Amino acid sequence: MLFQFITQVCEAPPPIYKNQTVIELSNRTKKSPEIFTSATMTIIIFRRWVSVLYPILLASILLHYCRGNSDERKVHIVYMGERPHSPSGNMSSLLAVRHISLLERVLGSASLAKESLVYSYGRSFNAFAAILSPQEVEKFSKMKRVISVIPNHKLHLHTTRSWEFMNFSPGQISAQTEGNVIIGFLDSGIWPESESFNDEGMTPPPAKWKGECHNITCNNKIIGARYYNTGGMYDPSEFKSPRDAMGHGTHTSSTAAGRKVAGASFLGLAEGTATGGVPNARIAVYKVCWQNRGCSNADILAAFDDAIADGVDILSMSLGSSVPPPFFEDAMAIGAFHAMKRGVLTSASSGNSGPTPATASNLAPWMLTVAASTIDRQFVSKVVLGNGETFPGIAVNSFKLNGTTFPLVWAGDVANYSGGSGVINAKNCLPGSLNSYKTAGKIVLCHSIVGDLTGVAMANGLGAILFNPVPSVNDFAFSYPLPATQVRTGDGDAILDYIRTTENPIATILVSETWKDVMAPYVASFSSRGPNRLSPEILKPDITVPGVDILAAWSPVASPSGSPFDTRKVKYNVISGTSMSCPHASAVAAYVKALHPDWSPAAIKSAIMTTANVMDPRKNEGHEFAHGSGHINPVAAADPGLVYDASEDDYIYFLCKQGYDNTTMELIAGRSNASCNGVAPGRAWDLNYPTFGLVVEDGESISTSFTRTVTNVGPPNSTYHVSVQMPSLVNVEVHPTVLPFSAVGQSMTFTVKVSGPKIVDQPIRSGAILWGDGVHVARSPLVVYTITPNSMAALPFKPAEKIRFGDQPGRLEHEILETN
């Protein structure tokens with residue numbers, strides 16, 4: 001179509017052309033002589049004039065379009081809030097007509113409006129995506145009933161032992177009860193033939209299901225599969241279907257809801273029974289992420305629109321911003337809000353930008369934001385030098401060298417000078433930086449600890465040993481396309497010294513062993529931290545869940561390490577990231593939903609947070625800003641005793657406090673009584689949230705009160721007593737101190753008054769409020785912190801320019817993304 005063609009031309013890099021005239025002349029000399037008549041001569045002359053003028057004319061049109069009519073036409077989402085109600089039930093069709101009408105009004109033509117429209121969202125909310133110029137974006141932004149116009153940012157991708165480590169045995173409830181729950185995955189698709197998705201013994205989908213399967217065969221396990229691609233352009237390695245070419249979506253969906261598969265392993269490593277947390281739950285797939293093209297906001301919002309209307313119960317989203325935009329300029333927050341309105345909880349990863357503070361994404365209070373922690377299993381691959389010294393390294397290394405030693409070189413000594421590379425690039429083993437004549441068949445010692453070792457593979461290196469020149473945490477294992485391992489900084493220095501002092505240095509790298517990590521669980525170094533950039537009083541992340549070295553199903557067409565040099569094909573893979581922790585939390589949410597189908601998203605979230613195991617502060621720098629409420633406890637989450645519930649009205653009040661106006665709230669809620677009248681913008685600490693956060697200005701004393709309401713979901717006659725855990729110098733008073741319940745569903749309100757002198761010695765002081773009845777304990781962290789030039793929260797709060805999608809196969813996305 002014209003709009004898409006012109007947009008692609010305007011956005012594409014300048015092409016490199018050969019001299020077309022020379023090509024045509026050279027081709028003509030090879031043709032047989034032509035017989036000319038007057039008619040044919042006229043046609044030839046006309047065609048030649050057209051061949052000359054048409055490119056000039058097209059170039060003129062494109063130049064005017066790309067420069068004159070707009071600086072650059074791009075896909076934008078025009079968000080207008082809640083979907084209106086229609087007695088006839090055909091509101092989606094009516095909204096599509098309205099969206100075309102709005103576009104026609106701005107673009108001036110019905111045909112241009114239809115060409116410009118990318119998506120009409122009308123199944124679950126009111127919005128559309130279209131190709132717009134900056135001038136057209138400005139016009140839509142000024143319309144009264146438009147809440148926001150959102151650029152279509154591209155996103156990039158953010159188990160046997162993990163469930164056992166959490167003392168949880170999947171399949172504890174009946175298959176019928178668990179089978180009533182449907183988890184929707186916004187990811188890179190799924191490999192439906194994986195044994196983890198067999199439907200043996202499963203009944204047909206629940207009657208509430210309204211989804212569809214596009215271009216793959218579903219069963220009673222995978223009951224829905226859709227795919228979305230705004231640009232309509234595909235990488236040659238991709239499938240034009242929900243089928244997974246990357247492995248990521250297959251891994252996350254099997255982590256949450258995969259069937260039990262005995263003997264699963266990654267090429268013999270981590271062998272055991274692979275299972276999801278809710279192996280009988282149903283899976284609905286929404287493919288929004290694509291090989292080498294990432295994911296787009298427009299696709300993600302389309303997936304939300306469908307998933308909510310299809311009838312999912314839980315949404316699992318291993319996606320997030322590097323720096324999150326305001327709530328209603330964020331496709332994920334918008335989609336999750338409308339999901340919440342319809343009783344669907346969205347579980348989302350916090351991101352992989354840790355341990356830097358204030359990097360957590362998915363900050364909306366109606367989302368469950370998930371950090372990543374370790375389990376008690378580490379993959380250790382040892383290096384053995386020619387002198388007999390042995391150094392343990394961290395890696396998922398399945399390559400067997402059988403103890404054979406090979407020449408060992410330091411990357412800094414084998415730079416590819418003739419290729420224009422210097423020592424700095426060579427030390428980090430970057431692609432093209434190594435001299436293949438000096439590295440072929442050898443093990444290379446590199447500085448870098450990130451990347452896929454493409455540089456070593458390109459230079460025909462046999463293997464690699466990596467270390468960071470600056471001491472750092474080494475708490476998760478990469479997978480590589482060749483024998484490789486990561487050693488500690490000091491060990492790397494010792495290996496370098498061996499190379500420099502030995503005439504013919506040699507080494508070998510051993511296959512990975514499984515070691516027990518007695519320190520686990522602790523928050524992974526890569527896991528993004530708080531505090532919350534958008535609402536500092538709402539503590540984020542909410543919970544920490546295993547996300548390190550997780551074994552789960554994989555797409556057999558995807559490289560297990562993410563390297564184009566890795567030709568291994570596997571059915572199960574080991575990777576790390578908050579993308580891996582998110583589906584664990586999604587499974588627990590589904591487990592709670594199965595047992596309590598009438599609970600609200602906020603109640604399910606509260607149950608998960610207030611029953612979490614307390615994390616050891618000595619092993620978790622950053623405290624609640626790293627792990628949230630604590631380490632997830634699936635069994636306890638099903639029976640929390642009390643919950644901090646919240647409705648749409650509570651979130652509307654929260655948004656009013658955040659500065660949103662009446663018109664915006666009425667559009668978002670879809671009703672005129674959702675107003676901010678009488679609500680002054682201010683702090684958000686009175687949202688009925690399961691945690692307490694207080695930001696104190698630098699130099700000010702501590703003084704505030706929180707109000708919370710808890711609902712009894714345990715035995716009817718239950719009496720809860722409060723206890724407070726807080727460091728000295730911070731005074732906490734709770735009123736009342738006893739909550740006597742006499743019925744299930746009964747709610748009671750309490751206040752927490754916090755006071756104390758100004759914070760001087762440390763920027764963070766944390767404790768907890770605990771309500772217990774002798775059987776249940778509902779624990780809520782209380783954090784008081786200040787933002788000073790030297791505190792962990794003192795970071796620039798800037799809007800996001802680009803967004804990341806968790807992690808790539810076998811490695812994490814580490815590059816720093818630009819901001820405005």
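Yeah, the Cβs are placed from backbone N, Cα and C, and that goes for glycine too.
According to TrEMBL, the protein carries these features:
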ACT_SITE  D187  active site, charge relay system
ACT_SITE  H248  active site, charge relay system
ACT_SITE  S579  active site, charge relay system
DOMAIN    75-158  domain 'Inhibitor I9'
DOMAIN    180-626  domain 'Peptidase S8/S53'
DOMAIN    686-784  domain 'Subtilisin-like protease fibronectin type-III'
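Recorded features from TrEMBL, shown on the structure.
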{"residue": "D187", "record": "active site, charge relay system", "DSSP (3 states)": "strand"}
{"residue": "H248", "record": "active site, charge relay system", "DSSP (3 states)": "helix"}
{"residue": "S579", "record": "active site, charge relay system", "DSSP (3 states)": "helix"}
Report task. Please report how many Å separate the Cα atom of H248 (active site, charge relay system) from that of D187 (active site, charge relay system), as a whole number. Result -> 7
Query raised in the report: Using DSSP, how many residues in the domain 'Subtilisin-like protease fibronectin type-III' (686-784) fall into helix, strand and coil?
Result: 0 helix, 60 strand, 39 coil
Query raised in the report: According to DSSP, how is the domain 'Inhibitor I9' (75-158) divided among helix, strand and coil residues?
Result: 32 helix, 22 strand, 30 coil
Report task. Note down the number of other Cβ atoms within 10 Å of the Cβ of S579 (active site, charge relay system), including every protein chain shown. Result -> 34
Requested in this report: Taking only the Cα atoms, work out how far D187 (active site, charge relay system) lies from S579 (active site, charge relay system), in Å, as a whole number.
Outcome: 10
Requested in this report: Tell me, roughly as an integer, the mean pLDDT over the domain 'Subtilisin-like protease fibronectin type-III' (686-784).
Outcome: 94
Requested in this report: Count the Cβ atoms, other than its own, that fall within 10 Å of the Cβ of H248 (active site, charge relay system), considering every protein chain shown.
Outcome: 30
